[in-house]
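According to TrEMBL:
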type: ACT_SITE; residues: 118; note: active site, proton donor
type: ACT_SITE; residues: 189; note: active site, proton acceptor
type: BINDING; residues: 171, 426, 470; note: (S)-malate binding site
type: BINDING; residues: 261, 262, 285; note: divalent metal cation binding site
type: DOMAIN; residues: 95-276; note: domain 'Malic enzyme N-terminal'
type: DOMAIN; residues: 286-539; note: domain 'Malic enzyme NAD-binding'
């Protein structure tokens, strides 16, 4: 037993990296089978002794190279590709061929490769998933499997699953309904759980629930890999999800974290509310986005001054992300000031497709928007809302590009010395404004962050480095914290702890460069600190089941983290 009290069958944790392991498959993998097993394959890095012991003579060229040289060669090859999707396909091929080398590349070159394996490139990969599909990377559960979902879960070869990322593909990034082809999202998220948060690959399970698609182009696409029918809704949909959630708990136990990913608004809130009382569930679009944005705001306050309660917040977009962020801001504000949360919500305003959300619209609003309907005359446009509300913080989660126009941004700059502007929609083409626009239109005064990466901007001889409010800062460390504590439920205070932990990682040097998020190069260290804070909160709330509590949770988190260095085989 090692690495958090869970049997470390494959020697994946840092705590076991110096131990000799046996390359088990269902039997000891050797020869040609070993080279085809991505978990144990080392390519040309097999030593002379290993080649003799595992019948590899003649199956490999005689040269023996280090993992570092393999990494150097692959990075050289990746940089020669000019099309991002080609890099994505090359990385997925590597993951299917040599798992440890894939994660070593990703960990050592995280800032360069994160946009390749996740946003923005994963969006294009999902759109073309049917054409680039090679081999299954997760489980596909469809309407055809109703009544047999437990049997389907048992078909997955791993038994000790700790994290599941599941989507129904209805709202993939800002790209809409991609049906079964949304599988690229759970696959990408879980690769980040491992690379950035240290959760073992063998403990991760990507799942797509295929209930059909309303995307006409996919229904007419001969290469589409999902059910060619309209989306199931209502009772049929919820019965399938109920069977799935029941089967997950039955097969993997109480402590498997189920992350809902890219569900449409009308299902996302209902599923989170329904299962948060009975299962260990987390919605990254609602809770993960909120947590990382709150961390950015807490850090930004060190630049602009004041407390959360001193500022006024205006959102463009009132869906999962917008209302999730708004609610977490109000929660943290209430925690800091001990003011009732209903009063804190009055500092937060939302604009949706019909204008400012106000009290007179309350009856027609979806339930998750209603807490933010305040007394105010109706306002139709964002510009009018900015001029009327005079927010100090403007946050975009609309999924619609170019909506923070020059007039809107300049208006923010007229009544704020340092306007805080977060353009969070993904991918880059859907961002409410670019970093260059934000800095130029505010004459270099904006505190800016975006959802997708932007290059540094030079304005009047000064370099500005835009922050990226990327969920990858939060969910890997959050997931690790849940796993190492054996938490049985997710509590809002655990999300607040994650936000505070991330904000603490922003150094004075980062602030001096205009950054309100720490650089991704330190992400595993950041994740360990987030995991420790989340685990500590789980123990404090009585939600942790892994006892006794470790004395040093940061060191414990680091010891439980997956390490991609090659292991020596007996």
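From the backbone N, Cα and C atoms, a Cβ is placed for every residue, glycine too.
The two recorded residues residue 426 ((S)-malate binding site) and residue 118 (active site, proton donor) have their Cα atoms spaced 11 Å from each other. Listed in sequence order, the residues 167, 171, 172, 185, 260, 263, 268, 283, 284, 320 complete the 8 Å Cβ shell around the divalent metal cation site centroid, once 261, 262, 285 themselves are left out.
A gap of 7 Å separates the Cα atoms of residue 189 (active site, proton acceptor) and residue 118 (active site, proton donor).
Long-range C-beta contacts of residue 261 (divalent metal cation binding site), restricted to its own chain and to partners at least six residues apart, with a cutoff below 8 Å, comprise 165, 166, 167, 185, 186, 189, 283, 284, 285. Reported as a whole number, the C-alpha separation between residue 470 ((S)-malate binding site) and residue 118 (active site, proton donor) equals 10 Å. Considering only the binding-site residues 262, 285, the Cβ with the fewest other Cβ atoms within 10 Å is that of 285.
Across the structure, the residue listed as 'active site, proton donor' and residue 262 (divalent metal cation binding site) place their CA atoms 14 angstrom apart.
A distance of 5 Å separates the Cα atom of residue 262 (divalent metal cation binding site) from that of residue 171 ((S)-malate binding site).
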